[in-house]
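Enquirer: Following this message is one structure expressed as structure tokens.
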Amino acid sequence: MEVVDPQQLGMFTEGELMSVGMDTFIHRIDSTEVIYQPRRKRAKLIGKYLMGDLLGEGSYGKVKEVLDSETLCRRAVKILKKKKLRRIPNGEANVKKEIQLLRRLRHKNVIQLVDVLYNEEKQKMYMVMEYCVCGMQEMLDSVPEKRFPVCQAHGYFCQLIDGLEYLHSQGIVHKDIKPGNLLLTTGGTLKISDLGVAEALHPFAADDTCRTSQGSPAFQPPEIANGLDTFSGFKVDIWSAGVTLYNITTGLYPFEGDNIYKLFENIGKGSYAIPGDCGPPLSDLLKGMLEYEPAKRFSIRQIRQHSWFRKKHPPAEAPVPIPPSPDTKDRWRSMTVVPYLEDLHGADEDEDLFDIEDDIIYTQDFTVPGQVPEEEASHNGQRRGLPKAVCMNGTEAAQLSTKSRAEGRAPNPARKACSASSKIRRLSACKQQ
């Protein structure tokens, strides 16, 4: 084909351009004929944790799935940006308080904090938690009735009371019990989460009196709706648990309003109706937990002794299953770290194939690490110290990083047969305790 000078094309009309061969290198194709290559998922490591896909996002930050490269346990990490926390009232204080509380709590029905990582340079905090497959609110939203069968609701409620009793025994008032803060594992274990607005009572406090509340409006008791200066913290949790039980068994809320002012007005009056299909035992329990006067409201001991709580409820309806993943529609909620794991395991070791967030990740503290002497050669063979940054567990980050890069360049065919977990650990520049 004859090559045409581009400067001469402006002298031709459209018809003349076609005659000189423009149609031979300008093609129009339908979008259905285009085959897009999927974007390669680059592996990203935060300390010893391999990052997966997004699980959810809230006002405080994002939650992603991660894999512990040492234990191969599935975890969830809450990623918090200090810049964003400053824009939220009491944001930083709530996060630090939640970390302090979770560090000393150990119960099967309370979410466990596994690790805390802090990135000084990017001003990011990573709260590594045990993995929960789904939230209770997500399960309720997945069915038209917006409720659980009585047998399933009873099982979840009993676990909620177990976890709540443990928190109260530790002198902690949750203040925000609701389905949105109750998570579930694949085995059906309920976990109380989000202790950001919780309050730890003084060890020598005479009672459970509280003065502040930041919980969700629909789950607040009349004493808070009416603006009382002080109130019983434990009875606030009992009320919120009662509203939660009402919601998961009926699909409704005892109090509603077009806006928060109308909602608080209705809560302050204390008038509500219980659907007739709840039955006398459940209705009596709800009335005891939603008692207007805090002094007359049920205690956890009274809830445990109630006939509806103690009764064994046979399954009359099919239980609400864990819904498919909202993004991938995966009904099994498979591990989202698998594509990243395959990338590390299947590809040659190259620095361009993975990302390490930083050479140094500070753990379990908000301060910069200490310094240790770096050896410097002298005339008599002895070495003197220069400062060298280290990880919180004493690992020399720069030395590990250099060693990792040197190993990656060394030709050794046997290394390709290593397991995925050992490869992740070798790529991680800074081991965590």
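Just so it is clear, glycine is given a Cβ too, placed from its N, Cα and C backbone atoms.
Sharing the record's features from Swiss-Prot:
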- Ser31: phosphoserine (MOD_RES)
- Lys44: N6-acetyllysine (MOD_RES)
- Lys48: N6-acetyllysine (MOD_RES)
- 49-309: domain 'Protein kinase' (DOMAIN)
- Lys96: N6-acetyllysine (MOD_RES)
- Asp176: active site, proton acceptor (ACT_SITE)
- Thr189: phosphothreonine (MOD_RES)
- Lys296: N6-acetyllysine (MOD_RES)
- Lys311: N6-acetyllysine (MOD_RES)
- Thr336: phosphothreonine (MOD_RES)
- Ser401: phosphoserine (MOD_RES)
- Cys418: S-palmitoyl cysteine (LIPID)
- Lys423: N6-acetyllysine (MOD_RES)
- Cys430: cysteine methyl ester (MOD_RES)
- Cys430: S-farnesyl cysteine (LIPID)
- Lys431: N6-acetyllysine (MOD_RES)
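So where do these features actually land, and what's packed around them?
Expert: The local packing around Lys48 (N6-acetyllysine), expressed as other Cβ atoms within 10 Å of its Cβ over all shown chains, amounts to 23.
In the three-state DSSP scheme, Lys96 (N6-acetyllysine) is classed as helix.
Asp176 (active site, proton acceptor) falls within neither a helix nor a strand when secondary structure is assigned with DSSP, and so counts as coil.
According to DSSP, Thr189 (phosphothreonine) is assigned to coil rather than to any helix or strand. A simple way to gauge crowding: the CB of Thr189 (phosphothreonine) has 14 other CB atoms within 10 angstroms, across all the protein chains here.
All protein chains considered, the CB of Lys296 (N6-acetyllysine) has 9 other CB atoms within 10 Å.
Around Lys311 (N6-acetyllysine), taking its Cβ as the centre, 12 other Cβ atoms fall within 10 Å, counting all chains.
Mapped onto three states, the DSSP output places Thr336 (phosphothreonine) in coil.
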Enquirer: Calculate the per-residue pLDDT averaged over the domain 'Protein kinase' (49-309) and state the result as an integer.
Expert: 96
Enquirer: Between Thr336 (phosphothreonine) and Lys96 (N6-acetyllysine), how many Å separate their Cα atoms?
Expert: 29
